[in-house]
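To start, the structure under review is shown below, and the notes come after it.
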Amino acid sequence: MLTLPFDESVVMPESQMCRKFSRECEDQKQIKKPESFSKQIVLRGKSIKRAPGEETEKEEEEEDREEEDENGLPRRRGLRKKKTTKLRLERVKFRRQEANARERNRMHGLNDALDNLRKVVPCYSKTQKLSKIETLRLAKNYIWALSEILRIGKRPDLLTFVQNLCKGLSQPTTNLVAGCLQLNARSFLMGQGGEAAHHTRSPYSTFYPPYHSPELTTPPGHGTLDNSKSMKPYNYCSAYESFYESTSPECASPQFEGPLSPPPINYNGIFSLKQEETLDYGKNYNYGMHYCAVPPRGPLGQGAMFRLPTDSHFPYDLHLRSQSLTMQDELNAVFHN
């Protein structure tokens, strides 16, 4: 029996043919791939309609992406800084001009509306112009005040109306509103929470209540003092009058009837009213100025004298002294009769 050695060329001749055919097919596919890809791009470009501005931008992006490196390798895809061309610069400049024109027209319309609002709001001045925020705040307060009038159905007090009108406004704007309504700005002082403190003698405000001191009344058991010579409660506004030699614009100071007018007081600070000590004080006068309301144990005689501890009776370190001999004589005559 003859035996033949195993030979691949003889036994498997078809395998080599299959290998050659498969290699040829792969080469043909590699050649056909770029052609089909280019055809697809052309077909898509024909089927899709693009705007002229978008076409230029997308074409530039595709060109940038399709560019190759120096080594022939494709570059990485992604956003990169675009090349500055004349068309692109003109396009950017035109867009910027349109945006500026829109903003300018918007600001002109806003300023015109604010000017019309300033004419309606109760605040007019030829020299001073309200700011935008102050105009809006005043308009809001004005609308709210008018709505309150309609809700209540009654005519409000002028001072209350102005206080509601000036809530949250600055001091210059408050002065303008008060001047427009012919009202003194000192008559209302706006607080932090919108509350006002009244310090005026106008018909729209309330007066200060007088300071009643029980120590200044007539001592019990001494009813010989005439009612015409009795002293009224002391008001601290007299310190303002004695210092400035004029009547205080903020409050009314009561006066003592008859010869018992309050002696002048020296003003040495905002919260302290002290007398000026002199070397001759006590030498020219036999009797002191300070009297108390405590009744003595014995009968009231000519030699009796009352001394008043002023620190316990008058707050803010207030002391009174006489500056004229006639005033001292009249006071002594009243208290020793």
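Glycine too: its Cβ is placed from the backbone N, Cα and C atoms.
Features of the protein shown, as given by Swiss-Prot:
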type: REGION; residues: 43-82; note: region 'Disordered'
type: COMPBIAS; residues: 54-71; note: compositional bias 'Acidic residues'
type: MOTIF; residues: 80-86; note: motif 'Nuclear localization signal'
type: DOMAIN; residues: 94-146; note: domain 'bHLH'
Per DSSP, what is the residue tally for the motif 'Nuclear localization signal' (80-86) in helix, strand and coil?
1 helix, 0 strand, 6 coil
Averaged over the domain 'bHLH' (94-146), what pLDDT does the predicted model reach?
90
For the domain 'bHLH' (94-146), the number of residues DSSP places in helix, strand and coil:
42 helix, 0 strand, 11 coil
